[in-house]
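Input: a single structure, listed below in structure tokens.
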Amino acid sequence: MKMKLAVLPGDGIGPEVMDAAIRVLKTVLDNDGHEAVFENALIGGAAIDEAGTPLPEETLDICRRSDAILLGAVGGPKWDHNPASLRPEKGLLGLRKEMGLFANLRPVKAYATLLNASPLKRERVENVDLVIVRELTGGLYFGRPSERRGPGENEVVDTLAYTREEIERIIEKAFQLAQIRRKKLASVDKANVLESSRMWREIAEETAKKYPDVELSHMLVDSTSMQLIANPGQFDVIVTENMFGDILSDEASVITGSLGMLPSASLRSDRFGMYEPVHGSAPDIAGQGKANPLGTVLSAALMLRYSFGLEKEAAAIEKAVDDVLQDGYCTGDLQVANGKVVSTIELTDRLIEKLNNSAARPRIFQ
């Protein structure tokens with residue numbers, strides 16, 4: 001298989017973790033006879049400094065002619081006092097909109113070697129393997145009007161707006177994902193209060209008729225936020241609207257014990273997607289070899305799975321990550337029992353060693 005990838009390293013530790021992910025990707029693709037062309041582009045603060053905008057047209061052109069996007073991280077205090085239109089995060093929001101990325105997938109998986117790093121009790125997190133599917137392009141964050149009004153601007157209004165099509169496509173995506181996992185889907189809303197949530201629930205029920213093998217349940221967002229802490233292992237796939245998903249996915253991120261481990265995918269209706277780690281740009285450790293590359297590496301694995309259907313290669317990367325952690329190798333943000341803290345580059349070297357060793361083993365059963 002041949003693929004063309006847009007590579008957007010971004011700011012802070014973004015270039016370091018992106019280098020790691022590209023090295024791992026090249027290894028697993030070469031081992032299995034696939035070919036990738038990588039084309040770098042600017043986004044965020046780096047783009048502001050060089051091109052005067054967080055999302056240059058050249059970057060959009062590169063992304064449009066690519067099969068998928070890999071992104072490192074955007075932002076940092078250097079640009080905090082810029083006008084709103086010149087903030088690094090505007091580049092990310094603009095890219096999502098321009099590329100039609102409406103579904104954010106946030107996998108949350110507990111690793112045996114990191115259970116003690118979780119703020120939750122070991123027995124509550126050891127079997128956690130869930131995905132939060134968040135709608136990205138509608139809801140309160142994009143509704144109009146959104147303004148201050150009245151005398152002295154002492155009244156404020158934000159608008160929560162969704163179309164039927166926007167709700168249908170995100171719920172459809174969640175059912176498709178649940179169907180290839182454990183066939184359980186929790187649709188999260190606030191249907192006891194919000195009209196938008198009542199429509200959301202109606203559409204979920206309509207869509208469920210097409211997926212009789214998937215068990216659909218409805219949960220209120222306040223109950224879900226409690227259950228994510230009390231019993232996270234009950235969840236398989238969670239689907240929800242934009243703001244609820246923003247909050248719940250950040251809450252769920254603490255389960256693993258490190259933001260540095262978490263990948264994410266932003267998808268549209270076809271196989272195209274943008275893949276990035278959940279963590280920020282961490283400018284305080286940029287260039288010091290301390291950055292944890294695993295969230296970006298695991299994001300690359302998601303890319304192979306969802307954009308290219310390369311399940312075997314994606315699983316190989318995920319197994320290499322697990323094996324390296326089992327061997328005790330980690331960066332400083334990870335609390336691995338009897339762990340050996342190594343640099344970004346050395347941790348990447350260990351991953352590549354695992355992948356090459358696995359590829360070199362004779363395959364008795366084909």
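For all residues, glycine too, the Cβ spot is worked out from N, Cα and C.
Copied over from Swiss-Prot:
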type	residues	note
BINDING	76-89, 280-292	NAD(+) binding site
BINDING	Arg96, Arg106, Arg134, Asp222	substrate binding site
SITE	Tyr141	site 'Important for catalysis'
SITE	Lys190	site 'Important for catalysis'
BINDING	Asp222, Asp246, Asp250	Mg(2+) binding site
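Taking Cβ-Cβ distances under 8 Å and a sequence gap of 6 or more within the same chain, the neighbours of Asp80 (NAD(+) binding site) are Arg87. When Cβ neighbours within 10 Å are tallied across all protein chains shown, the highest count among the binding-site residues Gly76, Pro88 belongs to Pro88. Distance noted between the C-alpha atoms of Arg96 (substrate binding site) and Tyr141 (site 'Important for catalysis') is 13 Å.
Annotation for Ala282 (NAD(+) binding site): spatial neighbours Gly12, Ile13, Ala73, Ala291, criterion Cβ-Cβ under 8 Å with sequence separation of six or more. Those same-chain residues not listed among Asp222, Asp246, Asp250 yet with C-beta within 8 angstroms of the centroid of the Mg(2+) site C-beta atoms are Val221, Ser225, Met243, Phe244, Gly245, Ile247, Leu248, Ser249, Glu251. In this structure the C-alpha atoms belonging to Lys190 (site 'Important for catalysis') and Asp222 (substrate binding site) are separated by 8 Å. Cβ neighbours of Tyr141 (site 'Important for catalysis') (same chain, under 8 Å, six or more residues apart in sequence): Asn242, Met243, Asp246. According to DSSP, Arg106 (substrate binding site) sits within a strand segment. The most crowded of the binding-site residues listed here (Ala84, Ala286) is Ala286, judged by how many other CB atoms sit within 10 Å of its own CB.
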